[in-house]
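Participant: So TrEMBL lists these for the protein:
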TRANSMEM  12-29  transmembrane segment
TRANSMEM  41-59  transmembrane segment
TRANSMEM  66-91  transmembrane segment
TRANSMEM  111-137  transmembrane segment
TRANSMEM  157-175  transmembrane segment
TRANSMEM  187-208  transmembrane segment
TRANSMEM  220-242  transmembrane segment
TRANSMEM  254-274  transmembrane segment
TRANSMEM  286-306  transmembrane segment
Amino acid sequence: MHISILLMEQIIELFIMIFMGFIIVKTGIVKDDDSKVLSKIVLYLIIPCVIINAFQVNYTSKTVRGLLIAFAASVILQLVLLFIISVMGRLFHMNEVEVASVYYSNSGNLIVPIVTFILGQEWVLYGCAFMSVQLVFLWTHCKKIISRENSYDWRKIVLNINMISIVIGVVLFFTRIHLPQLINDTIGSVGSMIGPASMIVTGMLFAGMDLKKVFANRRVYFVTFLRMLLVPLISLILIKISHMAYLSADAPKIMLIVFLAVITPSASTVTQMCQVYGNDSRYASAINVVTTLCAVVTMPVMVLLYEEFI
């Protein structure tokens with residue numbers, strides 16, 4: 001119950017941030033299109049800082065074992081979910097934005113503050129294991145469908161700053177190299193902006209929408225059902241039958257972190273990618289806002305189910 005209450009508080013905080021972005025557009029301080037610059041800052045500066053900072057923890061056999069569990073669980077879950085959601089996309093005639101919004105969770109914005117607050121900074125590493133795996137999919141699968149490209153540009157993928165950040169973080173961790181305190185503190189400070197910056201972008205985009213059309217669109221609610229109820233329930237079943245929560249003493253907490261990363265609202269990164277690559281960013285933002293609203297109820301309920309059945 002304690003975790004459920006903390007989840008509600010974190011999600012309400014995110015809504016306040018969305019409202020701030022909404023207000024600065026409605027009052028004429030900025031235009032909704034100005035959010036494109038902030039989107040690029042999030043994608044190419046803030047997220048890399050989050051990744052590198054998360055891997056700046058002490059190297060121990062316990063940490064390595066936990067990290068391997070988190071990576072394995074993240075890869076298995078995301079591959080299985082990608083297959084299931086791709087099939088659903090064909091069955092329900094979902095467009096690129098809908099498929100991406102159902103598949104990609106907003107783990108980057110929610111998992112770091114939640115895990116830090118309820119478990120401690122040292123546990124954020126396992127959340128970033130999920131984020132790192134998701135980033136690989138984001139810059140391959142998601143980028144391809146959102147930009148409507150026919151093939152992967154592997155050179156751009158490998159040289160993407162987010163991919164480079166994952167490699168840097170992993171190398172620093174396994175070589176037990178710690179960055180100088182000044183640099184580490186700076187990276188940590190920039191990374192801490194991920195939640196506010198992403199939510200402000202969402203609010204700015206939301207301010208430029210026809211709200212009647214947003215809430216009258218039945219597809220938004222269908223996508224929300226898939227993202228916030230069906231995907232979490234499928235993930236819970238997969239975690240249960242895989243027995244990965246029983247691999248070590250820390251495994252139940254590690255798998256809870258992975259589960260939390262899966263059950264978050266649709267990724268605001270999808271909105272940002274739609275902006276950068278010219279897809280329907282307003283529709284993506286509408287899905288993000290509605291799923292975030294539903295998360296106030298669905299995430300605490302899913303955590304209660306996890307604690308009951310895992």
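Glycine residues also receive a Cβ, built from the backbone N, Cα and C atoms like all the rest.
Remember, TrEMBL labels are computer predictions, not curated facts.
Set these features in their place in the structure for me.
Facilitator: Residues 35, 109-110, 195-196, 199-208, 289, 292-293, 296 of the same chain, all 6+ positions outside the transmembrane segment (12-29), place their C-beta atoms under 8 angstroms from a C-beta of that stretch.
Below 8 angstroms of C-beta separation, residues 108, 112, 122, 124-125, 127-128, 131-132, 135, 161-162, 164-166, 168-170, 172-174, 176, 178-179, 184, 187-188, 190-191, 193-194, 197-198, 201, 269, 272-273, 276 of the same chain, each at least six residues beyond the ends of the transmembrane segment (41-59), sit close to that stretch.
If one looks beyond the transmembrane segment (66-91) by at least 6 residues along the same chain, the residues whose Cβ comes under 8 Å of a Cβ in the stretch are 98-99, 102-103, 125-127, 129-130, 132-134, 137, 141, 173, 226, 231, 234-235, 238-239, 242, 244, 247-248, 250-251, 254-255, 257-258, 261-262.
Tertiary proximity for the transmembrane segment (157-175) is limited to same-chain residues at least six positions away from its ends with a CB under 8 Å from its CB atoms, namely 43-44, 47-49, 51-52, 54-57, 59, 67, 128, 132, 135-136, 138-140, 143.
Listed by sequence, the residues of this chain that lie at least six past the ends of the transmembrane segment (187-208) yet keep a Cβ under 8 A from its Cβ atoms are 13-14, 17-26, 30-35, 38-39, 41-42, 45-47, 49-50, 52-53, 106, 108-110, 112-113, 179, 214, 268-269, 271-272, 275, 281-282, 285-286, 288-289, 292.
Within the same chain, residues 73, 76-77, 80-81, 84-85, 88, 92, 94, 98, 101-103, 105, 214, 255, 258-259, 262-263, 265-266, 283, 286-287, 290-291, 294-295, 298, 302, 305-306, 309-310 sit at least 6 positions outside the transmembrane segment (220-242) and bring their C-beta atoms closer than 8 Å to a C-beta of that stretch.
Distant neighbours of the transmembrane segment (254-274): 39-40, 42-43, 47, 66, 69-70, 73-74, 77, 81, 97, 100-102, 104-111, 114-115, 119, 123, 126-127, 129-131, 134, 138, 142-143, 146-147, 198-199, 201-202, 205, 223, 227-228, 231-232, 235-236, 239, 244-245, 248, 280-281, 283-285, 287-288, 291-292, 294-295, 298-299, 302-303, 306, 310; these residues of the same chain sit at least 6 beyond its ends, with a Cβ under 8 Å from one of its Cβ atoms.
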Participant: Which sequence positions outside the transmembrane segment (286-306), separated from its termini by at least 6 residues, show Cβ-Cβ distances below 8 Å to it?
Facilitator: 1, 3-5, 7-8, 11-12, 14-15, 18, 97-98, 101, 106, 202, 206, 209, 214-215, 217, 220-221, 223-224, 227-229, 232-233, 236, 239, 256, 259-260, 263-268, 270-271
